[in-house]
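Quick look at what Swiss-Prot lists:
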- Asp95, Gly206, Thr214, Glu216: Ca(2+) 1 binding site (BINDING)
- Gln177, Asp228, Val229, Asp231, Asp301: Ca(2+) 2 binding site (BINDING)
- Cys82-Cys135: disulfide bond (DISULFID)
- Cys165-Cys249: disulfide bond (DISULFID)
- Cys191-Cys244: disulfide bond (DISULFID)
- Cys196-Cys207: disulfide bond (DISULFID)
- Asn69: N-linked glycosylation site (CARBOHYD)
- Asn238: N-linked glycosylation site (CARBOHYD)
- 1-50: signal peptide (SIGNAL)
Amino acid sequence: MYGIEYTTTLTFLILLVLLNYILKSITRIMDYILYHFLLFIVIVTPFVNSQNYGINLPITGSMDTNYQNVSNPEPFLTSTLCLYYPVEAETEIADSSWKDTLSQLFLTKGWPTGSVYLKSYTDIATFSINPQLYCDYNIVLMKYNANSELDMSELADLILNEWLCNPMDIALYYYQQTDEANKWISMGDSCTIKVCPLNTQTLGIGCLTTDTTTFEEVATAEKLVITDVVDGVNYKINVTTTTCTIRNCKKLGPRENVAVIQVGGSNILDITADPTTAPQTERMMRINWKKWWQVFYTVVDYVNQIIQTMSKRSRSLDSASFYYRI
């Protein structure tokens with residue numbers, strides 16, 4: 001009987017020792033795996049660029065987010081610059097490698113190869129239909145033309161400011177502008193805008209709401225129109241909707257990642273005459289040179305000084321999104 005008890009006790013002790021050994025072995029294996037995993041994470045982390053995700057926060061006001069101005073002479077290694085110019089510049093220069101030359105010149109000012117994009121446009125009117133300013137910093141060169149001075153002024157007002165816009169259903173509703181910052185912006189191949197002011201009985205003032213030929217014409221066959229009417233008055237609006245779209249917009253403030261350089265002309269455009277526009281002449285400047293090579297040399301030479309008057313933004317102007325919210 002005692003032999004059986006001794007055997008049982010011995011068996012129990014052996015199992016206990018064996019279990020203890022197994023647990024220690026498992027612990028050592030887990031420690032080995034964990035330590036090596038942590039070592040792998042430490043080694044790999046510096047080479048991985050990942051996005052941190054958090055809760056969704058409500059967006060209010062403008063979707064543009066400004067960053068602190070770059071105020072030191074170090075190279076702009078993480079920024080992009082778009083330079084927009086009329087296509088006539090390419091015709092005059094007539095050099096297939098001129099962009100490579102400019103790229104090398106920008107490199108001397110701290111802009112790495114590949115960070116500067118040169119984009120041409122046909123003319124101011126065409127550029128007004130679909131302005132797309134995608135880079136961190138955007139500089140638009142406008143050659144002065146007395147016949148398109150008003151088009152240049154409206155385009156400058158559009159791209160140098162942030163706008164919050166909503167669609168307008170002019171077939172069903174009357175509209176009024178609530179304050180000086182409230183404008184109607186139209187874009188398209190051909191925009192003819194007519195308005196009929198209404199009295200408190202919704203009868204036309206000097207016009208018939210049922211006859212568009214009696215409406216007051218404020219724009220004729222233009223590609224970009226920023227319409228300003230008397231505040232607090234309802235209007236019946238007529239627009240060539242087949243070739244033009246119209247939006248009810250609110251000017252939010254300056255779009256500080258855009259600068260406009262006027263090339264030539266005896267007068268410099270001054271959009272600050274608009275009471276809704278804060279002084280921003282630093283981002284509206286003029287270069288008086290006849291040859292485009294001289295213009296580009298000047299831009300390269302002063303690019304960093306121009307950038308100092310601007311602020312980097314996370315979002316830039318795209319006319320498709322502009323119509324709804326910027």
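Going from the start of the chain as shown, residues are counted 1 onward.
Backbone N, Cα and C atoms are what each Cβ position is placed from, and that goes for glycine too.
Features recorded in Swiss-Prot, as mapped to the structure shown.
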residue : record                      : CB count, 10 Å
Cys165  : disulfide bond              : 19
Gln177  : Ca(2+) 2 binding site       : 20
Cys191  : disulfide bond              : 25
Gly206  : Ca(2+) 1 binding site       : 9
Cys207  : disulfide bond              : 20
Thr214  : Ca(2+) 1 binding site       : 13
Val229  : Ca(2+) 2 binding site       : 18
Asp231  : Ca(2+) 2 binding site       : 11
Asn238  : N-linked glycosylation site : 18
Cys244  : disulfide bond              : 22
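Taking all protein chains in view, 23 other C-beta atoms sit within 10 angstroms of the C-beta of Cys196 (disulfide bond). Only Gly206, Glu216, Asn238, from the recorded positions Cys135, Gly206, Glu216, Asp228, Asn238, Cys249, place their Cα within 10 Å of the Cα belonging to Cys196 (disulfide bond). Within the group of binding-site residues (Asp95, Glu216, Asp228), the Cβ with the highest number of other Cβ atoms inside 10 Å belongs to Glu216. Listed disulfide-bonded residues: Cys135, Cys249. The one with the lowest count of other Cβ atoms within 10 Å of its Cβ is Cys135.
When the recorded positions Cys135, Gly206, Cys207, Glu216 are compared by Cα distance to Cys191 (disulfide bond), the shortest distance belongs to Glu216.
Sequence-distant contacts (6 or more apart, same chain, Cβ under 8 Å) of Asp301 (Ca(2+) 2 binding site) comprise Lys109. Of all Cβ atoms in the shown protein chains, 20 besides its own fall within 10 Å of the Cβ of Cys82 (disulfide bond). Checked against Glu216 (Ca(2+) 1 binding site) by C-alpha proximity, the recorded positions Gln177, Val229, Cys244, Cys249 yield Val229 as the nearest.
Here the candidates are the binding-site residues Gly206, Thr214, Asp228, Val229. The one whose C-alpha lies nearest to that of Asn238 (N-linked glycosylation site) is Thr214.
When the binding-site residues Asp95, Gly206, Asp228, Val229, Asp231 are compared by Cα distance to Cys249 (disulfide bond), the shortest distance belongs to Asp228. Here the CA atom of Gln177 (Ca(2+) 2 binding site) lies 21 Å from the CA atom of Thr214 (Ca(2+) 1 binding site). Annotated pair Asp231 (Ca(2+) 2 binding site) and Cys244 (disulfide bond), C-alpha to C-alpha distance, rounded: 23 Å. Between the CA atoms of Val229 (Ca(2+) 2 binding site) and Cys135 (disulfide bond) there is a gap of 34 Å.
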